[in-house]
Amino acid sequence: MKYLKKAARTAETDQADVHAAVTQMLAAIETGGEEAARRYARELDRWDGDIVVSHEARKAAAALVPEQLKADIRFAHDNVRRFAEAQRATATDIAVEILPGLTLGQKQIPVSAAGCYVPGGRYSHVASAIMTITTAKVAGVSHIAACSPPRPGVGIPPAILYTMDLCGADVILNMGGVQGVAAIANGLFGVKKADILVGPGNQYVAEAKRILFGQVGIDMVAGPTDSMVIADVTADAEFVASDLVGQAEHGWNSPVWLVTSDENLAKRVMARVPDLIEGLPAPNRDSARAAWADFAEVILCDDAEEMAAVADDYAPEHLHVQASDLDWWLQRLRAYGSLFLGEETTVAFGDKTSGPNHVLPTSRAARYTGGLSVHKFLKTVTWQRATRAAARPLAEATARISRLEGMEGHARTADIRLARFFPDEVFELKPATDES
Ligand SMILES: NC(=O)c1ccc[n+]([C@@H]2O[C@H](COP(=O)([O-])OP(=O)(O)OC[C@H]3O[C@@H](n4cnc5c(N)ncnc54)[C@H](O)[C@@H]3O)[C@@H](O)[C@H]2O)c1
Ligand SMILES: [Zn+2]
């Protein structure tokens, strides 16, 4: 393997500054409540209007969204909902009799209250509203709060508001950033205190979620979005170049990587990318230009197996294979947030409309987790019950193990059951001395 282009930098941020600022804001909102949250909305987003979006405002927003766009949003919502429903069906309750009379079970219980952050600073993330709220709804969450940064004088843009309402948000807050997240975590403005906070956001939002984790659940700690294309000799250079540029527009520090076994293709793509970037409107062009200059990589490999190994090591958030034998890739690849097979689909389809979630692990987190799904809103809990006959061997072993551990109180909860259930019998309930 050989780098035809190597990243000049790795994703770094002014993490210490962000941590200090967010810690201070969270503390101020915890003590100052709604007033403190409103103050940040004024200072950071120049918003002094209603925080809770009224029923009338929801209806008024819907009237402002063009019919074709509404149809497109409903199409995306249907795909995301139906995929989430299919996933929900795989999370099942079980009950198994693993010994005669000993029944063990698992249940899937949705969290009661979820908060969905919909980013809105730079782009209008309609799709993020679909991905988070719909998934919580399908999981069976009974109270869903959503928040997004208000535009000065407007509030949450109509298309995002329409989408939040369509997907089933119970409460919507005109509030973004740390103050939005904190309002939902602390149960301000009539929101039911969240059990889990989900959704992408900028570094302030991500840091707020990271700090609040423990007090509430979170979906994942998210960094800048990243994407990899794997391309062999069968790939179309124009598709590949356009896919790399498309994902580089996310931000100045969003890495895109091309892994290929065809040097000729690599050269054509590298020659084409700068033109495509220059053709984008500003400021998207500036983001893509910076991301390509500093973070992008082009890696030349000998064969498919070596390309797969590079992908497993990078564990990209989005992984797009434009190569022959797609079934081989599907079974071989081990680390990605979401996989795109073939040139007929593309990462933007997954970002916006096709159905699998776009809230995904970044910065190599795909080594240990997948993205947002109904499973993140479900608690897999367990239960057990036993007959008296089944309790007998459990109590005997429990008593002896507890005593070995020095936990006499535990042992006696077993002793008392043996004494009651089997009064005529004598049990040896001390561990043999040579074991202790
Ligand atoms: N991985 C994914 O699935 C995915 C999907 C969509 C978006 N995203 C990410 O979401 C992010 C969106 O970022 P954004 O900034 O456009 O919108 P955002 O909604 O995340 O952030 C805007 C908020 O940031 C706060 N803020 C701005 N400057 C601040 C400061 N100096 N101190 C404290 N708070 C401040 C403001 O209150 C504002 O409401 C991007 O990083 C994008 O990559 C990720
Ligand atoms: Zn994208």
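Backbone N, Cα and C define each Cβ position, glycine as well.
Keep in mind the model is a prediction, meaning the values are calculated, not measured.
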Listed co-binder of Zn(2+) (same site as Gln247, His250, His410, source TrEMBL) among Asp312, Asp313, Asp325, Asp351: Asp351
Residue in Thr225, Thr369, Thr380, Thr382 which TrEMBL records at the substrate site where Gln247, His250, His318, Asp351, Glu405, His410 also bind: Thr225
Sequence-ordered binding-site residues from Thr225, His250, His318, Asp351 with Cβ under 6 Å of an atom of ligand 1: Thr225, His250
C-alpha spacing of Glu317 (active site, proton acceptor) relative to Asp351 (substrate binding site), in angstrom: 11
Listed in sequence order, residues not in Tyr117, Gln179, Asn202 with Cβ within 8 Å of the centre of the NAD(+) site Cβ atoms: Pro119, Cys147, Pro149, Gly176, Gly177, Val178, Gly180, Val181, Gly201, Tyr204, Val205, Ala208
Cα-to-Cα gap, His318 (substrate binding site) vs Tyr117 (NAD(+) binding site), nearest whole Å: 21
Length of the line joining the Cα atoms of His410 (substrate binding site) and Tyr117 (NAD(+) binding site), in Å: 44
